[in-house]
Amino acid sequence: MTAQRKKISLIGAGNIGGTLAHMIALRELGDVILLDVSDGIPQGKALDITESSPIDRSNVNITGTNRYEDIKNSDAIIITAGIARKPGMSRDDLLQTNAAVMKEVGENIKKHSPNAFVIVVTNPLDAMVSVVYKSSSLPTNMIVGMAGVLDSARFRYFLASELNISVEDVSAFVLGGHGDTMVPLINYASIAGIPLTQIIEMGVITRGKVDEIVERTRNGGKEIVDLLKSGSAYYAPASSAISMLESYLKDKRRILPCAAYLNGEYGVKDLFIGVPTIIGKNGVEKVLEVKMNDSEQEMFYKSVSAVKELCQLN
């Protein structure tokens, strides 16, 4: 007997939503509901992707819709709805507009798919996860924000590029909010198992250059927004969300930095912020508390304060 395919709903059919739908189809992770308020956009993108299925050898169903009823009984939901950044805008500038959208999305998740695992991508990320959480009444382990995976990927790529080595050999991660106060942890970065701090001591790269990479990581999203001049990044954000989705659907129990709910971990309560988590079949199965030096702790708590302030503005 053939196992029933998972149902994955994508709320928002913009650049990230469309890219997600195609990536899910290529990996055959499940059937897709592509939902958007714009009539014709999700239907057109769904048809375009499914017309590529004979070439891609993908046997999943992709349905475009404008009706929230169609997300009923989803196994997983990825939210990308809302307006994107434009040059000169910060992620925080999106707050009021996107908060209203997230409230509506959360209420419909509560109504139609209260048992789904939910990944929020919409910016300003940490605040938007909180809005969806409150309006959906989801358990804290079943909702996360996609930020740390993306920020960590940028950090890893910039290091690999500067060192002229394979990205596969670079391990690094970023804590804190998805914004200017994020904390790329140099002390936990390594190259093929060799701590980055030792690579610096060897003279392969200078600490000054690493600090430049840290700053470039913090401004990674802005760099792309400025280059595109209309819209924001979507390939890397989509890939990041897929890694989280796949870890949940396949119970991979990968350690991934996500905006997760803290209930005392790191001395923080009742806040979603980027920390290392284990994602498996039960959603966020564990929050890992890593030790930080005084400087890193100071930066992390500065990030916590920035996220709290943003959440209070909403």
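Every residue gets a Cβ built from N, Cα and C, even glycine.
Per Swiss-Prot, the feature NAD(+) binding site maps to G12, A13, G14, N15, I16, G17, D36, N98, V121, T122, N123. Secondary structure at D36 (NAD(+) binding site), taken from DSSP and collapsed to helix, strand or coil, is coil.
Per Swiss-Prot, substrate binding site is recorded for R85, R91, N123, R154.
Sequence annotations record features per position, and here Swiss-Prot assigns active site, proton acceptor to H178 based on sequence analysis. H178 (active site, proton acceptor) carries neither a helix nor a strand DSSP state and counts as coil.
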Helix, strand or coil: which one is G12 (NAD(+) binding site) in, per DSSP?
coil
Which one of these recorded positions, R85, R154, H178, has the sparsest Cβ neighbourhood, judged by other Cβ atoms within 10 angstroms?
R85
What does DSSP assign R85 (substrate binding site), in three states?
coil
With an 8 Å cut-off on Cβ-Cβ distance and a minimum sequence separation of at least 6, pull the same-chain contacts of G14 (NAD(+) binding site), or say none.
D36, T80, A81, A84, Y234
So among G12, I16, V121, N123, H178, all listed as recorded positions, which is physically nearest to R85 (substrate binding site)? Use the C-alpha atoms.
N123
H178 (active site, proton acceptor) and N123 (NAD(+) binding site), Cα-Cα, nearest whole angstrom
9
